[in-house]
Amino acid sequence: MSVFQLIPGVQSYEWGVPGGDKDSIVADLAEATPELGLQREASKPYAELWMGTHPTLPSHVLGENHELLNDRLCKDHSLLGEKVVGKYGASEKGALPFLFKVLSIAKALSIQAHPDKKLAERLHAEKPNMYKDDNHKPEMAIAIRAFEGFCGFRPVREVLEFVEAVPELKQVLKADDTLRTQLKSAADAQDALWAGQASDDAQSRVHDALRAAFGALMRADASLYEPLVSSIAQRYRAARSAHTPLEVSDEVAELVARLDTQFPRDIGVFCTFFLNIVHLVPGQALFLGADEPHAYLSGHILECMAASDNVVRAGLTPKARDVEVLVDMLTYQSARAKDQILHAPQWDGDAAKPNATCLYDPPIEEFSVLVTTLVPGSQTSSQRAIDGPSLVLVVEGKGTLKVDGQAHELYAGLVLFVGAATPIELETSESVTVARAFIEVA
């Protein structure tokens with residue numbers, strides 16, 4: 001059998017959405033699989049639904065014995081496909097090269113980055129209790145409801161303007177003339193580069209200036225930054241309440257105050273002045289490469305990543321931080337917020353007309369994601385065989401998946417495995433949204 005139902009896993013973290021909330025999507029989806037045994041609690045936060053073979057929370061095959069998906073794949077390599085097995089193997093540690101999740105976010109996640117492959121191997125060897133595996137973790141987030149997050153460094157000009165205008169930021173950075181001059185030089189070089197004027201050292205100036213400023217922030221002593229975080233948050237709350245003009249936008253002021261409420265006196269609050277604030281509407285996506293700073297702030301997303309659970313944290317977290325590793329590992333690439341959004345064209349592997357399937361194809365090989373939305377008027381999807389394994393999640397709605405003459409009823413929360421070289425048909429008499437994470441080796 002090349003298509004079969006899976007039992008996913010659920011993670012409860014403090015930043016998740018409580019089970020009593022009407023938009024606790026992770027809890028809603030998890031309840032669709034009774035075999036998961038979820039005892040929903042109104043006050044308990046449900047943060048992540050996991051689908052895959054990562055040993056931290058592996059999926060099981062629905063059946064008499066509920067065997068591990070990984071055991072099934074290791075026994076039957078045809079489900080993975082010859083090319084995938086040839087490149088990635090079929091390891092007892094996890095046969096799927098990717099991990100698929102749904103996240104429900106009520107509170108900010110940590111300021112973090114994920115190591116590249118080389119750094120992951122070193123960190124795992126040096127700190128195996130903190131870094132559980134030796135793999136890199138590029139990842140992609142696709143909004144299924146409104147989403148807000150930090151993603152990558154702001155243009156240097158924006159950082160410079162904040163340093164010059166926000167007294168608390170200037171104090172925490174100990175921003176003397178040398179740092180401000182370095183930021184201005186980098187901002188001028190970046191502006192010229194974006195205007196089409198070639199510069200041999202523009203990127204290095206941007207890198208060095210952002211590293212100097214962000215490093216100063218991250219290394220600031222708690223005795224310096226804690227009162228400054230409290231001061232700026234209180235000042236912004238008072239000004240917003242009194243409708244008094246501020247040196248920053250209302251979006252920035254509101255976020256600073258909110259993050260201080262969630263993580264009082266945390267250095268990560270000042271990252272608001274360094275990192276892009278990105279808003280996604282359903283269907284929009286972000287790709288987060290290795291060594292890029294980010295933090296999810298609120299909303300609901302699909303998330304797909306290389307099969308790793310490695311995170312380097314440095315702010316907005318009660319967990320262990322690794323500031324020096326983070327400051328050293330970052331690329332310090334800088335871009336506009338709108339340039340962070342990943343374009344998702346129609347997928348040419350769907351033969352149905354009209355084509356209701358979008359392809360989210362990040363610049364790495366371990367995974368891509370298809371999202372099919374069928375509504376009255378586009379009620380079928382005919383998807384070609386993929387030369388690799390797939391994980392299918394019904395995000396919302398009802399329908400039918402047909403394969404090899406068999407029909408599988410689709411309903412929100414259903415998780416299916418689809419083996420390599422298996423064409424499928426999706427149908428609905430009403431509406432349905434289906435997400436499909438897969439790998440296909442060129």
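First residue shown is number 1, and so on along the chain.
Backbone N, Cα and C define each Cβ position, glycine as well.
Features reported for this protein in TrEMBL:
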{"type": "DOMAIN", "residues": "3-156", "note": "domain 'Phosphomannose isomerase type I catalytic'"}
{"type": "BINDING", "residues": "Q112, H114, E139, H294", "note": "Zn(2+) binding site"}
{"type": "DOMAIN", "residues": "199-275", "note": "domain 'Phosphomannose isomerase type I helical insertion'"}
{"type": "ACT_SITE", "residues": "R313", "note": "active site"}
{"type": "DOMAIN", "residues": "359-406", "note": "domain 'Phosphomannose isomerase type I C-terminal'"}
Helix, strand and coil totals (DSSP H, G, I; E, B; other) for the domain 'Phosphomannose isomerase type I helical insertion' (199-275): 58 helix, 1 strand, 18 coil
Three-state secondary structure, which DSSP defines for R313 (active site): strand
Neighbouring C-beta atoms (10 Å sphere around the C-beta of H294 (Zn(2+) binding site)): 24
Cβ-Cβ neighbours of R313 (active site) (radius 10 Å): 22
Cβ atoms near E139 (Zn(2+) binding site) (within 10 Å, other residues, all chains): 25
Overall pLDDT for the domain 'Phosphomannose isomerase type I helical insertion' (199-275), taken as the rounded mean: 97
For H114 (Zn(2+) binding site): DSSP state (helix, strand, coil): coil
